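Record features (TrEMBL):
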type: ACT_SITE; residues: 220; note: active site, proton acceptor
type: BINDING; residues: 9, 10, 11, 12, 13, 14, 172, 295, 320; note: NAD(+) binding site
type: BINDING; residues: 137, 295, 296; note: substrate binding site
type: DOMAIN; residues: 5-191; note: domain 'Glycerol-3-phosphate dehydrogenase NAD-dependent N-terminal'
type: DOMAIN; residues: 209-364; note: domain 'Glycerol-3-phosphate dehydrogenase NAD-dependent C-terminal'
């Protein structure tokens, strides 16, 4: 069987990941043909990687998708980085349907607020034995229920597929420059995608905890906003480090709570709950990177300087501050818990209240 790879979402991170995979597959094909061996047998990968994107107009009125394919560069979302010729961008509805039908490994890199619709599309196809990989960082709203993760929602469809989460401390426009680490959170079963993502650039650590890995990717964006708010207020490094520590504790505690409410057995002691995850690339390293760079920390900084979320997002070319969306979901989740549980998450709740202009940015200091 020759595994075909399809990516849903061609923003900066989707493009960066697609470029790394296409580069690796091109090299593997030139050295040893289609076959890639591992302990579980022999996998064969098609060397072409396809990315489905919403098409947009370029400044000259042309098709962004067509321009990327012709010039091998995503000028809008990952400028200045050459893309391999075996990385093909597609955009039509027919392309999308074909990608879902023919891809054996589907990688989702979408904004979470549109992810539910794309997940439901899977029900239209036979995806038994397909591998679904989420690189998304956030939650999906479920009417009259607590928000859930993308991997949980896809799992709930019960379509006979495998699902996993892939997160790590990586900045999209730097991934091509040298080695970086990623954490593969799986559900017990070994996956071909583990070998696919093991390249000269990406080094993979595999752990049997897709929920904790995915939660790390989502929750760190809330902490990054708080960290950025401190920066915008001109607070000192000592205060920022206190916020970082508080945020890490809340990430750990929320992961314990979330897994407990989802019926997933875990250690009761907070010091032991997620050590196996927090010290992976998806944990403390990704939290640190997100706090010192990226749209969440930058958005937080601008909030600290007096701008509203709407004012900031109006300048972001259609993009969102993901941590704000995540804070809303976490707030909704915690409001379904008793007050004693809510008191354990002053940072998460404060970021929500500041983003909604219920609190002043300066009140972030009150959680220390």
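Placed from the backbone N, Cα and C atoms, the Cβ positions cover glycine too.
Features recorded in TrEMBL, as mapped to the structure shown.
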residue: 9; record: NAD(+) binding site; Cβ within 10 Å: 23
residue: 11; record: NAD(+) binding site; Cβ within 10 Å: 19
residue: 13; record: NAD(+) binding site; Cβ within 10 Å: 20
residue: 137; record: substrate binding site; Cβ within 10 Å: 28
residue: 172; record: NAD(+) binding site; Cβ within 10 Å: 19
residue: 220; record: active site, proton acceptor; Cβ within 10 Å: 30
residue: 295; record: substrate binding site; Cβ within 10 Å: 20
residue: 296; record: substrate binding site; Cβ within 10 Å: 26
residue: 320; record: NAD(+) binding site; Cβ within 10 Å: 18
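Mean pLDDT, taken over the domain 'Glycerol-3-phosphate dehydrogenase NAD-dependent C-terminal' (209-364), works out to 92 on the 0 to 100 scale. Cβ proximity to the substrate site centre (mean Cβ of 137, 295, 296, cutoff 8 Å) flags the following additional same-chain residues: 221, 224, 290, 294, 299, 321, 322, 323. Put simply, residue 9 (NAD(+) binding site) is 20 Å from residue 296 (substrate binding site) when counted between their Cα atoms. Taking the Cα atom of each, residue 295 (substrate binding site) and residue 9 (NAD(+) binding site) are about 18 angstrom apart. Considering only the residues assigned to NAD(+) binding, 9, 10, 11, 12, 13, 14, 172, 295, 320, the longest pairwise Cα distance works out to 18 Å. Separation of the C-alpha atoms of residue 11 (NAD(+) binding site) and residue 137 (substrate binding site): 14 Å, rounded to the nearest whole number. Taking the Cα of residue 137 (substrate binding site) as the reference point, the closest of the recorded positions 9, 172, 220, 320 is 220. Counting only the Cα atoms, the space from residue 13 (NAD(+) binding site) to residue 220 (active site, proton acceptor) is about 17 angstrom. Between the farthest pair of Cα atoms in the substrate binding residues (137, 295, 296), the distance is 13 Å.
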